[in-house]
Structures are given as structure tokens and as C-alpha cells.
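Below is one structure; the comments refer to it alone.
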Amino acid sequence: MATSPSMSSSTPEHLSPRQLLKVALAILGWYVTSMSITALNKYLFSNLGVKFPLIVTFIHFSTTSIVLYLLFALWPSKFERPVISTKEYMRAIVPIAVCAASDIGLSNLSYSRISITAMTVVKSSAVVVTYLVGLLFGIEKFRWPIMACALTIMIAISSSVPGMQVDDWLGILFVALAVLCTAFRWVLVQTQCTQFSAVQLMYLTQPISALALLPLAIILDAPHLAIPIDVTGVQHLALPLCIICATAVLAFLLLFAEYRLVEVTSSLTLCIAGIGKEVATILMSVVLFDDWLSLRQTIAVAVSIVGIVTYSTRRIRYATEEAQFERLTEVPDDDGGGGGAHDRPANPVKAAGEDAYWRHHHNTDLECPLIDGEGRSATATNV
């Protein structure tokens with residue numbers, strides 16, 4: 001399991017051009033795979049009229065599960081198989097997997113109902129929803145500056161969505177529920193599974209996510225398999241099947257793009273990259289799907305982005321200050337024998353901290369959680 005001696009939100013070391021190139025390639029790989037999945041899913045479910053998004057999602061989860069199983073079986077020295085009791089598996093892994101399946105399944109259901117821009121903007125509220133859910137479960141501290149940023153983001157998002165291309169407001173509801181699933185998944189990961197690395201957590205959850213989707217996919221999507229897809233000629237089957245296969249491969253590549261990103265970047269770099277990806281996704285939607293924004297919507301989106309940047313930097317600053325304070329206070333009692341209050345294990349949620357939070361919530365439209373199970377980057381070199 002990869003570990004690091006320090007949190008990645010610490011002061012970065014000087015990076016060589018080669019290390020900077022690794023970071024740039026990791027971010028580029030994340031952008032390309034994520035945005036390609038988004039564009040292909042939109043084209044598949046909206047333009048081609050494919051009516052079985054849950055079956056497609058099931059295929060994605062199943063493909064990733066099989067590849068992960070092979071990796072852990074063939075390269076045990078590189079990929080350490082996680083050990084977990086049945087009780088912990090049922091209490092933690094199954095709920096996380098169900099949340100992941102619900103998140104991606106609901107997102108795919110919304111592609112034919114709303115534009116990519118609307119989906120991206122609504123999903124950017126994950127930062128706020130996750131913070132509120134964290135407060136609800138007592139793993140977040142209430143701070144007025146953070147709450148002010150959160151309210152600014154929500155108001156801006158609420159102002160930008162009306163007037164966007166929304167064919168069915170049920171799509172907005174699906175995305176909102178997906179965001180809620182993302183928040184609960186983060187809480188479960190931070191309270192139950194901080195001992196696992198990102199790939200180990202995916203290895204445990206992806207098969208359960210596939211199984212959780214299967215009954216709903218059969219009930220809701222199977223009847224549509226008998227309905228002709230609204231395309232002609234060779235495209236009738238070949239094009240949709242090619243896209244489904246391509247997105248399955250991209251989902252697997254995305255998994256490792258995310259894992260590599262966790263290894264070579266810090267939380268601040270990942271935060272900025274995540275915001276950049278949201279902007280790039282909106283621009284892609286404008287170019288490929290003609291999702292133009294009005295001046296009012298553009299201003300509202302810009303305000304929400306500024307709010308997210310402010311929110312992110314404050315969260316990282318607070319996390320750094322708390323980590324420094326804890327290091328200063330972790331000293332033995334005056335009797336020299338240790339065993340004092342400061343020798344107790346640190347709060348795993350606080351130790352996992354904000355890094356895991358940002359690695360997770362910026363993954364708003366992906367197939368698997370962008371999160372290091374230990375809340376840290378996997379190498380000591382970070383940007």
C-alpha cells in the first residue's frame with residue numbers, strides 16, 4: 001500500500017523538468033479520459049438515443065472489476081490484495097459500492113435529459129453538499145468563511161441552471177441525487193476505509209457496484225433492448241457497440257489516470273486541475289453540442305468557480321494549520337514515560353484530512369472515486 005511521509009498539502013519541493021512533465025502528463029491523461037467519456041456518453045444516450053444507460057454502466061463496472069482482478073492476481077508485488085473481515089465488508093464496502101453505482105447510474109440516466117453544461121454546473125455543488133453532509137455526521141468543523149463560500153457557490157449555481165438546455169427536469173433531479181450519493185460515499189470512505197489505497201478500494205467496490213446495478217438494469221433497461229435505436233445503416237448496431245466498448249476501455253484507463261494523478265500531485269494542484277477540467281468540459285460542450293451560455297449564466301458560472309477556488313484554498317490552509325498544530329502538540333508527558341493524551345492515535349478522519357476530500361469531490365463525473373484511501377499522495381514529491 002503506497003504511503004507518504006507527509007500530507008501532500010505541505011510545502012512542495014522543487015521539481016525537476018522531468019517531474020513537472022509527469023504531473024502535466026497525469027493531468028492531461030485525466031482530462032482526455034474523463035472528457036472523452038463525458039462526450040461519448042452524451043452522444044450515445046442523447047444523439048443516438050440509446051435507452052439502456054444502466055446496462056452500459058454495468059458493463060463499465062464489470063470491465064473494470066475484471067481488469068482489477070487480473071492485475072491483483074498477476075502482479076501481487078505491485079498490487080497488494082486487501083484484507084477485510086466479512087463484518088467490515090458488509091458495513092463499509094457494500095454501502096460505498098452502492099453509493100458509487102447510484103452516483104454513476106444516475107449521472108448516465110441524465111445525459112439524455114439535460115446538457116453537459118447543466119450537468120457539470122450542478123455537479124460542481126458536490127463541494128458544498130459534501131461539506132454539509134460532513135457537518136451532519138460530525139466529521140467536519142463549522143467555519144463561517146467556509147459556509148459563506150458554500151452559500152456563494154450554491155446561489156451562483158442556482159442562478160446559472162435556469163435557461164440552460166434542460167429537456168426534462170428529471171435530469172436535474174438525477175444529477176442532484178448523484179451529488180448526494182457522492183457526498184455519502186465520501187463520508188463512508190473517510191470514516192470506514194482510510195486503511196485502503198485507491199486501487200484497493202476500487203478492487204473491493206467495483207464488483208459490488210456492478211451487482212447492485214444489475215437488477216435495476218434488467219428491470220428498467222432490458223425492455224428497451226428490443227426497441228430499434230434511432231440510427232440507420234451500419235450505424236444501427238456497430239456505432240453504439242463501438243462507443244460502449246470505447247467507454248469501457250476509457251473507464252479503465254481513467255482509473256489509472258486518477259491513480260497516477262494522486263501519486264504525483266498535491267491537493268492544491270488537484271483542486272486547480274479539477275476546476276480547470278470543469279471549465280474545459282463546459283467549453284467542450286459548447287463546441288461539440290452547441291450548449292451556449294447567456295451572459296447571466298456565464299457570470300454565474302464564473303462566480304461559482306471563484307467560490308470553489310476560494311473554498312478550496314481555505315480548506316487546504318485550515319488542513320495545513322491543523323496538521324502543523326498536531327505535530328507541535330504530539331510530545332510525551334513530563335514524566336518521560338509517554339502514554340500521555342498526545343500518544344493516542346490521531347483521529348483517522350482528521351489524519352486522512354482535506355487531501356482525501358479534494359481528491360474525491362473533484363471527481364464529479366467519473367467511474368470511480370478519485371481518492372487515496374490514506375488521504376495522502378502516494379509519493380513524497382508533490383506539486
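Each Cβ is built from the backbone N, Cα and C atoms, and glycine gets one as well.
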**Complete:** Between the ranges 295-313, 314-332, TrEMBL assigns transmembrane segment to 295-313
**Complete:** Stretch winning on C-beta pairs under 8 A with the transmembrane segment (116-137) (pool: 20-40, 237-256, 268-289, 295-313) is 268-289
**Cβ contacts under 8 Å made by the transmembrane segment (144-163) with residues that lie 6+ beyond its boundaries** = 118, 121-122, 124-125, 127-128, 131-132, 172, 293-294, 296-297, 300-301, 303-304, 307-308, 310-311, 314-315, 318
**Stretch of maximal Cβ-Cβ contact with the transmembrane segment (201-225) [cut-off: under 8 Å; candidates 52-72, 169-189, 237-256, 268-289]** = 52-72
**Prompt:** When each of 20-40, 237-256, 268-289, 295-313 is checked against the transmembrane segment (52-72) for Cβ pairs under 8 Å, which one has the most?
**Reply:** 237-256
